[in-house]
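Comments concern the structure below.
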Amino acid sequence: MAETNSPRYSRILLKLSGEALSGNKDMGIDAQVLDQMSLSIAHLVGLGVQVGIVVGGGNLYRGSQLQKDGLVGRVTGDQMGMLATVMNGLAMRDALVRRNIKTRLMSALSIGTVVEPYSSRDAIRYLSQGEVCVFVAGTGNPFFTTDTAACLRGIEIEANLILKATKVDGVYNKDPSKYDDAVKYDNLTFDQVLDEKLGVMDLTAICLCRDHNVPLQVFDMNKPGALLSVIMGEKEGTHVTK
(Lines of atoms letter the chains of each structure in order from A and count residues from 1; the text may use other names and numbers.)
(Lines give C-alpha, C1' and ligand atoms only; values in the text may rest on other atoms or scores of the structure.)
Protein backbone atom coordinates (compact mmCIF):
# COMPACT_ATOMS: atom_id res chain seq x y z
CA MET A 1 0.00 0.00 0.00
CA ALA A 2 1.05 3.60 -0.53
CA GLU A 3 2.30 5.39 2.55
CA THR A 4 0.07 8.41 2.03
CA ASN A 5 -3.70 8.72 1.83
CA SER A 6 -3.42 11.65 -0.57
CA PRO A 7 -3.50 11.10 -4.35
CA ARG A 8 -0.12 11.30 -6.02
CA TYR A 9 -1.62 12.95 -9.10
CA SER A 10 -3.83 16.03 -8.95
CA ARG A 11 -4.90 16.18 -12.61
CA ILE A 12 -5.06 13.23 -14.99
CA LEU A 13 -6.11 12.36 -18.52
CA LEU A 14 -7.80 8.97 -18.78
CA LYS A 15 -7.97 7.28 -22.19
CA LEU A 16 -10.85 4.82 -22.50
CA SER A 17 -11.05 2.74 -25.66
CA GLY A 18 -14.37 2.00 -27.25
CA GLU A 19 -13.58 -1.69 -26.91
CA ALA A 20 -13.26 -1.24 -23.14
CA LEU A 21 -16.76 0.24 -23.03
CA SER A 22 -18.17 -2.77 -24.90
CA GLY A 23 -17.08 -5.18 -22.16
CA ASN A 24 -17.62 -8.74 -23.38
CA LYS A 25 -19.88 -7.65 -26.22
CA ASP A 26 -18.65 -7.51 -29.81
CA MET A 27 -20.10 -4.04 -30.31
CA GLY A 28 -22.08 -1.42 -28.42
CA ILE A 29 -21.87 -0.20 -24.82
CA ASP A 30 -22.07 -2.58 -21.88
CA ALA A 31 -24.27 -0.85 -19.29
CA GLN A 32 -22.59 -2.59 -16.37
CA VAL A 33 -19.10 -1.63 -17.59
CA LEU A 34 -20.17 1.98 -18.12
CA ASP A 35 -21.69 2.10 -14.64
CA GLN A 36 -18.54 0.66 -13.04
CA MET A 37 -16.31 3.07 -14.92
CA SER A 38 -18.39 6.04 -13.82
CA LEU A 39 -18.19 4.83 -10.22
CA SER A 40 -14.38 4.55 -10.38
CA ILE A 41 -14.12 8.05 -11.84
CA ALA A 42 -16.52 9.41 -9.21
CA HIS A 43 -14.22 8.03 -6.49
CA LEU A 44 -11.33 10.03 -7.93
CA VAL A 45 -13.38 13.21 -8.05
CA GLY A 46 -14.32 12.64 -4.42
CA LEU A 47 -10.61 12.61 -3.58
CA GLY A 48 -10.13 15.96 -5.29
CA VAL A 49 -8.49 14.60 -8.44
CA GLN A 50 -9.21 16.61 -11.60
CA VAL A 51 -10.21 14.20 -14.37
CA GLY A 52 -10.15 14.60 -18.13
CA ILE A 53 -11.31 11.69 -20.29
CA VAL A 54 -10.78 10.83 -23.95
CA VAL A 55 -13.03 8.09 -25.32
CA GLY A 56 -12.52 5.99 -28.42
CA GLY A 57 -15.23 4.75 -30.77
CA GLY A 58 -14.21 1.26 -31.87
CA ASN A 59 -17.18 -0.33 -30.12
CA LEU A 60 -19.61 1.54 -32.38
CA TYR A 61 -17.75 1.86 -35.67
CA ARG A 62 -14.81 0.05 -37.21
CA GLY A 63 -14.08 1.42 -40.63
CA SER A 64 -11.25 -0.82 -41.77
CA GLN A 65 -13.49 -3.25 -43.65
CA LEU A 66 -15.54 -0.53 -45.35
CA GLN A 67 -12.33 1.19 -46.40
CA LYS A 68 -10.82 -2.11 -47.56
CA ASP A 69 -13.89 -2.76 -49.70
CA GLY A 70 -13.60 0.71 -51.19
CA LEU A 71 -17.02 1.80 -49.93
CA VAL A 72 -15.74 4.81 -47.98
CA GLY A 73 -12.52 6.78 -48.15
CA ARG A 74 -10.04 7.09 -45.29
CA VAL A 75 -11.10 10.63 -44.42
CA THR A 76 -14.79 9.71 -44.33
CA GLY A 77 -14.05 6.59 -42.31
CA ASP A 78 -12.09 8.59 -39.75
CA GLN A 79 -14.88 11.16 -39.54
CA MET A 80 -17.39 8.38 -38.88
CA GLY A 81 -15.10 7.14 -36.12
CA MET A 82 -15.01 10.62 -34.59
CA LEU A 83 -18.81 10.69 -34.49
CA ALA A 84 -18.78 7.30 -32.75
CA THR A 85 -16.66 8.81 -29.96
CA VAL A 86 -19.30 11.50 -29.53
CA MET A 87 -21.95 8.86 -28.83
CA ASN A 88 -19.69 7.17 -26.29
CA GLY A 89 -18.98 10.54 -24.71
CA LEU A 90 -22.67 11.33 -24.36
CA ALA A 91 -23.17 8.03 -22.56
CA MET A 92 -20.20 8.63 -20.25
CA ARG A 93 -21.34 12.15 -19.45
CA ASP A 94 -24.82 11.03 -18.46
CA ALA A 95 -23.45 8.11 -16.41
CA LEU A 96 -21.31 10.57 -14.43
CA VAL A 97 -24.09 13.13 -14.07
CA ARG A 98 -26.31 10.37 -12.68
CA ARG A 99 -23.73 10.09 -9.89
CA ASN A 100 -24.00 13.84 -9.28
CA ILE A 101 -20.63 14.52 -10.92
CA LYS A 102 -20.60 17.79 -12.85
CA THR A 103 -19.38 16.86 -16.32
CA ARG A 104 -18.58 18.78 -19.49
CA LEU A 105 -18.62 17.14 -22.92
CA MET A 106 -16.25 18.92 -25.30
CA SER A 107 -15.81 18.10 -28.98
CA ALA A 108 -13.02 18.76 -31.46
CA LEU A 109 -15.76 18.89 -34.12
CA SER A 110 -18.50 21.50 -34.14
CA ILE A 111 -21.82 19.73 -33.47
CA GLY A 112 -24.22 22.57 -32.76
CA THR A 113 -26.22 22.28 -29.56
CA VAL A 114 -25.25 18.66 -28.79
CA VAL A 115 -21.68 19.23 -27.57
CA GLU A 116 -19.73 22.35 -26.71
CA PRO A 117 -16.60 23.05 -28.76
CA TYR A 118 -13.25 22.10 -27.25
CA SER A 119 -11.08 24.85 -25.80
CA SER A 120 -8.05 24.07 -23.65
CA ARG A 121 -8.56 27.30 -21.72
CA ASP A 122 -12.17 26.41 -20.91
CA ALA A 123 -11.24 22.81 -20.10
CA ILE A 124 -8.61 23.89 -17.57
CA ARG A 125 -11.13 26.24 -15.98
CA TYR A 126 -13.76 23.49 -15.70
CA LEU A 127 -11.24 21.05 -14.26
CA SER A 128 -10.09 23.61 -11.70
CA GLN A 129 -13.71 23.95 -10.60
CA GLY A 130 -13.94 20.20 -9.96
CA GLU A 131 -15.84 19.27 -13.11
CA VAL A 132 -14.96 16.23 -15.21
CA CYS A 133 -14.20 16.96 -18.87
CA VAL A 134 -14.97 14.32 -21.50
CA PHE A 135 -13.17 15.04 -24.77
CA VAL A 136 -14.62 13.57 -27.96
CA ALA A 137 -14.08 13.56 -31.73
CA GLY A 138 -10.39 12.81 -31.36
CA THR A 139 -8.18 15.63 -32.60
CA GLY A 140 -10.86 16.69 -35.06
CA ASN A 141 -8.63 15.65 -37.95
CA PRO A 142 -8.39 12.40 -39.93
CA PHE A 143 -5.28 10.20 -39.79
CA PHE A 144 -4.82 10.73 -36.05
CA THR A 145 -5.76 8.07 -33.49
CA THR A 146 -7.66 8.64 -30.27
CA ASP A 147 -4.45 7.64 -28.47
CA THR A 148 -2.77 10.64 -30.07
CA ALA A 149 -5.79 12.75 -29.11
CA ALA A 150 -5.45 11.58 -25.51
CA CYS A 151 -1.79 12.57 -25.33
CA LEU A 152 -2.51 15.90 -27.01
CA ARG A 153 -5.35 16.72 -24.62
CA GLY A 154 -3.27 15.57 -21.66
CA ILE A 155 -0.50 17.98 -22.62
CA GLU A 156 -2.94 20.82 -23.30
CA ILE A 157 -4.71 20.53 -19.94
CA GLU A 158 -1.35 20.16 -18.15
CA ALA A 159 -2.14 16.71 -16.75
CA ASN A 160 0.33 15.11 -14.32
CA LEU A 161 -0.32 11.67 -15.81
CA ILE A 162 -1.91 10.10 -18.87
CA LEU A 163 -3.57 6.75 -18.22
CA LYS A 164 -4.40 4.21 -20.90
CA ALA A 165 -7.08 1.77 -19.77
CA THR A 166 -6.75 -1.60 -21.48
CA LYS A 167 -7.96 -5.17 -21.08
CA VAL A 168 -4.55 -6.36 -19.82
CA ASP A 169 -2.71 -5.40 -16.65
CA GLY A 170 0.20 -3.58 -18.26
CA VAL A 171 2.74 -3.82 -21.07
CA TYR A 172 4.30 -7.16 -22.01
CA ASN A 173 7.20 -8.08 -24.27
CA LYS A 174 4.70 -10.11 -26.33
CA ASP A 175 1.00 -10.85 -26.37
CA PRO A 176 0.15 -12.53 -23.03
CA SER A 177 -3.03 -14.01 -24.49
CA LYS A 178 -0.95 -15.98 -26.99
CA TYR A 179 2.29 -16.65 -25.12
CA ASP A 180 2.48 -18.14 -21.63
CA ASP A 181 6.06 -16.93 -21.24
CA ALA A 182 5.21 -13.26 -21.90
CA VAL A 183 6.99 -10.97 -19.46
CA LYS A 184 5.32 -7.90 -17.97
CA TYR A 185 7.19 -4.63 -17.59
CA ASP A 186 6.67 -2.63 -14.40
CA ASN A 187 8.62 0.37 -15.72
CA LEU A 188 9.66 1.49 -19.18
CA THR A 189 11.08 4.54 -20.92
CA PHE A 190 9.45 6.01 -24.00
CA ASP A 191 12.59 5.21 -25.99
CA GLN A 192 12.33 1.55 -24.92
CA VAL A 193 8.73 1.46 -26.12
CA LEU A 194 9.81 2.86 -29.48
CA ASP A 195 12.97 0.77 -29.87
CA GLU A 196 11.28 -2.51 -28.91
CA LYS A 197 8.08 -1.70 -30.83
CA LEU A 198 5.95 -2.64 -27.83
CA GLY A 199 2.75 -1.24 -29.28
CA VAL A 200 1.66 0.69 -26.20
CA MET A 201 0.37 3.53 -28.35
CA ASP A 202 1.08 4.72 -31.87
CA LEU A 203 4.34 6.49 -32.69
CA THR A 204 2.87 10.00 -32.69
CA ALA A 205 1.27 9.55 -29.27
CA ILE A 206 4.42 8.15 -27.65
CA CYS A 207 6.59 10.90 -29.12
CA LEU A 208 4.21 13.56 -27.83
CA CYS A 209 4.42 12.20 -24.29
CA ARG A 210 8.19 11.83 -24.48
CA ASP A 211 8.85 15.27 -25.95
CA HIS A 212 6.61 17.00 -23.39
CA ASN A 213 7.75 14.79 -20.49
CA VAL A 214 4.28 13.59 -19.49
CA PRO A 215 4.34 10.12 -17.87
CA LEU A 216 2.05 7.36 -19.11
CA GLN A 217 0.43 4.53 -17.15
CA VAL A 218 -1.00 1.42 -18.81
CA PHE A 219 -3.36 -0.62 -16.62
CA ASP A 220 -6.40 -2.91 -16.59
CA MET A 221 -9.52 -0.80 -16.09
CA ASN A 222 -11.60 -3.92 -15.44
CA LYS A 223 -9.52 -4.87 -12.40
CA PRO A 224 -11.38 -3.68 -9.27
CA GLY A 225 -9.58 -0.77 -7.61
CA ALA A 226 -6.85 -0.56 -10.27
CA LEU A 227 -7.55 3.05 -11.27
CA LEU A 228 -7.55 4.20 -7.65
CA SER A 229 -4.31 2.30 -6.99
CA VAL A 230 -2.59 4.11 -9.85
CA ILE A 231 -3.73 7.52 -8.64
CA MET A 232 -2.58 6.77 -5.10
CA GLY A 233 0.87 5.89 -6.39
CA GLU A 234 0.67 2.17 -5.75
CA LYS A 235 2.30 -0.42 -7.99
CA GLU A 236 -0.21 -1.14 -10.74
CA GLY A 237 0.23 -1.79 -14.44
CA THR A 238 3.20 -0.37 -16.34
CA HIS A 239 4.66 3.11 -15.80
CA VAL A 240 6.31 4.76 -18.82
CA THR A 241 8.52 7.83 -18.37
CA LYS A 242 11.23 9.75 -20.17
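If you go along the chain as it appears here, the first residue is 1 and each next one adds 1.
Cβ atoms are placed via backbone N, Cα and C, with glycine included.
Remember, it's a predicted structure, so these values are computed and weren't measured experimentally.
Of the residues ASP69, ASP78, ASP122, Swiss-Prot puts just one in the UMP site with GLY57, THR139, GLY140, ASN141, PRO142, PHE143, PHE144, THR145, THR146: ASP78. Residues LYS15, LEU16, SER17, GLY18, GLY58, ARG62, TYR172, ASP175 are recorded by Swiss-Prot as ATP binders, and the candidate that the same record lists for that site, out of THR76, THR166, is THR166.
For the UMP site, the Cβ centre of GLY57, ASP78, THR139, GLY140, ASN141, PRO142, PHE143, PHE144, THR145, THR146 serves as reference, and the other residues of the chain with Cβ at most 8 Å from it are GLY81, MET82, GLY138, THR148, ALA149. Cβ neighbour count for THR145 (UMP binding site) (all protein chains, 10 Å cutoff from its Cβ): 18. Long-range Cβ proximity for PHE143 (UMP binding site), meaning a same-chain Cβ under 8 A and a gap of 6 or more residues, is found for ARG74, ASP78.
For the binding-site residues GLY57, GLY58, the ranking by surrounding Cβ atoms (within 10 Å, all protein chains) places GLY57 first. In this record, ATP is bound by LYS15, LEU16, SER17, GLY18, GLY58, ARG62, THR166, TYR172, ASP175; the longest C-alpha to C-alpha distance in that set is 25 Å.
In three-state terms derived from DSSP, THR166 (ATP binding site) belongs to an extended strand segment.
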